[in-house]
Amino acid sequence: MSEITKEIKEQINKRRTFAIISHPDAGKTTLTEKFLLYGGAINQAGSVKGKATARHAVSDWMEIEKERGISVTSSVLQFNYGGYCINILDTPGHQDFSEDTYRTLMAADSAVMVIDASKGVEAQTRKLFKVCTMRHIPIFTFINKMDREAMDTFELLDDIENELGIATCPVNWPIGSGKNFKGVYDRATKEIELFSDTKKGTTQGQVKKVPLGDPEVTWLIDESQRLQLMEEIELQDGAGAEFDQELVSKGELSPVFFGSALTNFGVETFLEHFLKMTTSPLPRISDQGEIDPMKEEAFSAFVFKIQANMNKAHRDRIAFMRICSGAFEAGMEVFHIQGGKKVRLSQPQQMMASERKMIDRAYGGDIIGVFDPGIFSIGDTLTTSAKKYAYEGIPTFAPEHFARVRQVDTMKRKQFIKGINQIAQEGAIQIFQEYNTGMEEIIVGVVGVLQFDVLKYRLENEYNVEIRMDSLPYEHIRWIENEEINLDKLVGTSDMKKIKDLKGRPLLLFVNDWSVRMTLERNEGLILSEFGKA
Ligand code: GDP
């Protein structure tokens, strides 16, 4: 076998592929934009998302996107900074939160968690965090909006540790917040980075670093604030976890940074530290063992997202894949493991800042979208390796909204079943059936409610089937890990519902958390999981 080329090795080595996770409004978009600003990919903040009209030019893929002015898709942004080639995976939030949001995390090598300093850990962050810990990837914390009144610093750190169960290690420490925000203290260099105005972040601003004892500090930071800082630092030094790169790499310790994305403060500092502490593309598990991008010369990738085109005239789909090893070249022939045949990958695309563009070459760590004639499924592997290995599949994530769905016109049963199955195959929805009732009704589960609208719209427009949806009160779904358990004998709560997926695997639906706990208590040995096996 020929050696992996120097060019490929260098290219992969400089790649950093990460996702930003946060609760809506914590500042993910603003932070992403500032990263691009520092990377020189955009000239002015405000050009990534923002005005609906500008957005339409970029993405005319989905009617719903246009109608609602929001993005149903998650995209990837690539830019260069400090010798690194950075891929930011955008995780859709707000109303467009969906299973894709979770799947995107499967393509990342690390995650940046943005937390609003006045709110601490919020619901959506908690959900996304769970997926990150499942993969043991490094997680970095950016505590944002320090220019606003913030929670006490210790309280914030405690919140992360208690809510998420990860140890924290502040790299810097904030001096005041809101009107009294003066900057951050770098615990390693013992320097203070002074907060400066950047015209609301539209310019890069000068980072001013001065030693703690500098006269300028005495002038800007009053005695009481300085004493408080010293006291806090002493406390933290004595009681907090020490920085340990190995624990960071395993996702057991999260380095914490403080800043204000809106005013640019702390963004570049974060970026610099983060890029050093995070990892280049990691080895991935396949059915033939670990595939290491530093050893494997062949191209290999797995599909983590499928984007249907909602334009009737173009029924094609785009399959997004994460390249795990080797190099990709436009038009190259690769082996599609699950399909059992060779395919040519055409129309490769990548997102550069806010533009979608065609690409010729990409490397391990990169994300590309290719034309999909309807042959790919989530989790599929593509490779040029003669070994024909398959990467570990992508789990199914717990939907939180459920509805009973049926076609209005009973004559259209066939189209309805075909359509709903195809849409489920793309991974936009999950479909279930009643357990042992003999009823043919279909229960649809989605991670984000917008997916119900997508389903309705697509069935009407692509399959010419009108549907009726009756929402169900369940919010929690659990896969039964020990499938040998006799479902007929299982004693649940009165609101619990037994269902099965298309492969006949048993699942349970619950209205609330309490019912999940009660059911576990009442059935000794029962193991429930929030993730479905791939
Ligand atoms: P996302 O929903 O997480 O993508 O959040 P956005 O980036 O859209 O930010 C939500 C709101 O918070 C917007 O109005 C931002 O201007 C504002 N915001 C973001 N970062 C900061 C910050 O550091 N300070 C202040 N004061 N506001 C911020």
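Cβ coordinates are placed from backbone N, Cα and C, and glycine is handled just like the others.
A TrEMBL annotation is a machine prediction, not a hand-curated record.
The domain 'Tr-type G' feature in TrEMBL is assigned to 13-282.
The annotation GTP binding site is assigned in TrEMBL to 22-29, 90-94, 144-147.
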Averaged pLDDT score, the domain 'Tr-type G' (13-282): 84
Intrachain C-beta neighbours of Met146 (GTP binding site), sequence separation six or more, cut-off 8 angstroms: Ala117, Pro174, Ser177, Phe181, Val184, Phe258, Gly259, Ser260, Phe265, Gly266
Cβ atoms near Thr91 (GTP binding site) (within 10 Å, other residues, all chains): 24
Among Lys28, His94, the most crowded of the binding-site residues [Cβ within 10 Å]: Lys28
Filtered binding-site residues, from Asp25, Thr91, Met146, whose Cβ is under 6 Å from an atom of ligand 1: Asp25
Distant-in-sequence Cβ neighbours of Asp25 (GTP binding site), under 8 Å, six or more positions away: Asp116
